[in-house]
């Protein structure tokens with residue numbers, strides 16, 4: 001009986017842990033990847049600098065614990081909490 005109870009506890013822990021993983025696009029050319037523990041927000045930011053008219057906007061994607069603060073050189077900033085929501 002103790003063995004069965006222990007097995008159920010282990011299965012529950014494994015299932016709960018799997019339920020909290022997030023997958024996000026990490027770079028524009030990659031397939032979605034699992035985010036590190038504690039980073040359950042996907043983000044995508046597009047920013048320009050003084051060379052934007054020559055090389056285009058810089059796109060950064062990934063996983064974060066908190067959404068980055070919007071800055072004046074960002075063209076856009078997306079933060080979301082569902083899998084693969086930052087293509």
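Note: Cβ is positioned from N, Cα and C throughout, glycine not excepted.
Pulled from Swiss-Prot, these are the features on record:
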DISULFID  24-42  disulfide bond
DISULFID  35-63  disulfide bond
DISULFID  48-52  disulfide bond
DISULFID  67-79  disulfide bond
DISULFID  80-85  disulfide bond
SIGNAL    1-21  signal peptide
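Here the features listed in Swiss-Prot are painted onto the structure.
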residue: 24; record: disulfide bond; CB count, 10 Å: 26
residue: 35; record: disulfide bond; CB count, 10 Å: 21
residue: 42; record: disulfide bond; CB count, 10 Å: 27
residue: 48; record: disulfide bond; CB count, 10 Å: 14
residue: 52; record: disulfide bond; CB count, 10 Å: 14
residue: 63; record: disulfide bond; CB count, 10 Å: 20
residue: 67; record: disulfide bond; CB count, 10 Å: 15
residue: 79; record: disulfide bond; CB count, 10 Å: 16
residue: 80; record: disulfide bond; CB count, 10 Å: 15
residue: 85; record: disulfide bond; CB count, 10 Å: 18
Review point. Nearest to residue 67 (disulfide bond) by Cα distance: which of the disulfide-bonded residues 35, 42, 48, 52, 85 is it?
Key: 42
Check your understanding: Between residue 48 (disulfide bond) and residue 79 (disulfide bond), what is the CA-CA distance rounded to a whole number of Å?
Key -> 18
Check your understanding: Hey, how far is residue 79 (disulfide bond) from residue 42 (disulfide bond), Cα to Cα, in Å?
Key -> 6
Practice item. Find the shortest Cα-Cα separation between residue 24 (disulfide bond) and the disulfide-bonded residues 52, 80, 85, and name the residue that gives it. Key: 85
Review point. What is the nearest of the disulfide-bonded residues 35, 42, 52, 63 to residue 85 (disulfide bond), using the Cα of each?
Key: 42
